[in-house]
Amino acid sequence: MEPKTIKKIGVLTSGGDSPGMNAAIRAAVRAGFYYNLEMYGIYRGYEGMIQNDIKKLDSKNITHVLERGGTFLKSARSAEFRTPEGRQKAYDNLKSHGIDALVVIGGDGSLTGAHLFYKEFGVPAIGLPGTIDNDLSGTDSTIGFDTACNTAIEAIDKIRDTATSHDRLFFVEVMGRDAGFIAINAGIGSAAAAILIPEKKMPIEELVDKLKVRSKAKKSSNIVIVAEGGKSGGAAEIAEKVKKFLPTYDIKVTILGHLQRGGAPSSYDRLLSSKLGVAAIEGLIQGKYDVMAGLINHKVVYTPIKRAIVDDKTLDEDDFRVAKILST
Ligand code: ATP
């Protein structure tokens, strides 16, 4: 398609926040200024677009945000944007500011919204994968995933100290929604005894046998990583089931929860967000619409949003193999 002339770009963050969103906003805004564009912040995601919570940004708005977790534009979930009337209101507000194009930073839901909006109103949009879950295709890693894994590992290291001191068995639940990416990364990185993920069911009996073998080998601490959204239940449920088989074990449960969403972005997330923020603006200038910018093998790749949101990103089989070898 012939690129449209774009002068004003709106940036928003939507859905769950993730570390690196600020760095991505900052990179998009800086790149916009570099290409002599006017940049607008749309606050509180699509909800702010409907409420007309839209402000022109200058360089002061993006000073010292790169290193901060969260999103200074705030994020939200908007039920109204799911309705044609809500999207019409959002479109009218964009037009009132003369905004010609959008950079949408969020997860699959937020990108679905951008895709629909492009189809209905022809507003050029580029999505950036902003979610700790790493469950979007078209990018090796999503913005915030690396930081969330680092945060989980740091927390598990601390849990290991107490687990070792008391010969305890810990079940640690990590985030990731229906995907086991954080669990497998954090599990390998923290020498977990077992990793339970939604993608591969491990029967309780198998887990119990594994723990018994480790007990015979006199392992002084056992940490089992459980991905939220697992088919056998969360960490608390699994711990209950295991307790029935191993009544003498001192079993504890820790749910890491929202601390995995916060914190300063890692070096990798800063690089990823910065490259993708620039790629978003350059993509819009080149007429790449209705796509998500991602990084594959360190190179920017634009994938149609419709393709990126298909829930088919799979865990690397080699990760399973390595996890298995290292936990025996
Ligand atoms: P996370 O992965 O962190 O949950 P997300 O972007 O997937 O992030 P959602 O709550 O699914 O989070 O979506 C964010 C917002 O995007 C929704 O509140 C809604 O405003 C918009 N959205 C999601 N799906 C649609 C849809 N099918 N049509 C229109 N808008 C949508």
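A Cβ is built for glycine as well, from the same backbone N, Cα and C atoms used for every other residue.
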One of Gly16, Gly20, Gly176 listed by TrEMBL as binding ATP at the site of Arg77, Ser78, Gly107, Asp108, Gly109, Ser110:
Gly16
Of Arg160, Arg307, Arg321, which one shares the ADP site with Arg26, Ala27, Ala28, Val29, Arg30, Lys219, Ser220, Ser221 in TrEMBL?
Arg160
Quick check for you: of the binding-site residues Asp133, Arg177, Lys219, Lys252, which have their Cα within 10 Å of the Cα of Gly107 (ATP binding site)?
Asp133
Taking only the residues the record lists as binding ATP, namely Gly16, Arg77, Ser78, Gly107, Asp108, Gly109, Ser110, what is the largest Cα to Cα distance between any two of them, in Å to the nearest whole number?
14
With DSSP assignments reduced to helix, strand and coil, which class does Thr131 (substrate binding site) get?
coil
Given the binding-site residues Gly16, Ser78, Asp108, Ser221, which lie within 10 A of Thr131 (substrate binding site) by CA-CA distance?
Gly16, Asp108
Quick check: in three-state DSSP terms, what is Leu259 (substrate binding site)?
helix
Taking the Cβ of Ser78 (ATP binding site) as the centre, how many other Cβ atoms fall within a 10 Å radius?
23
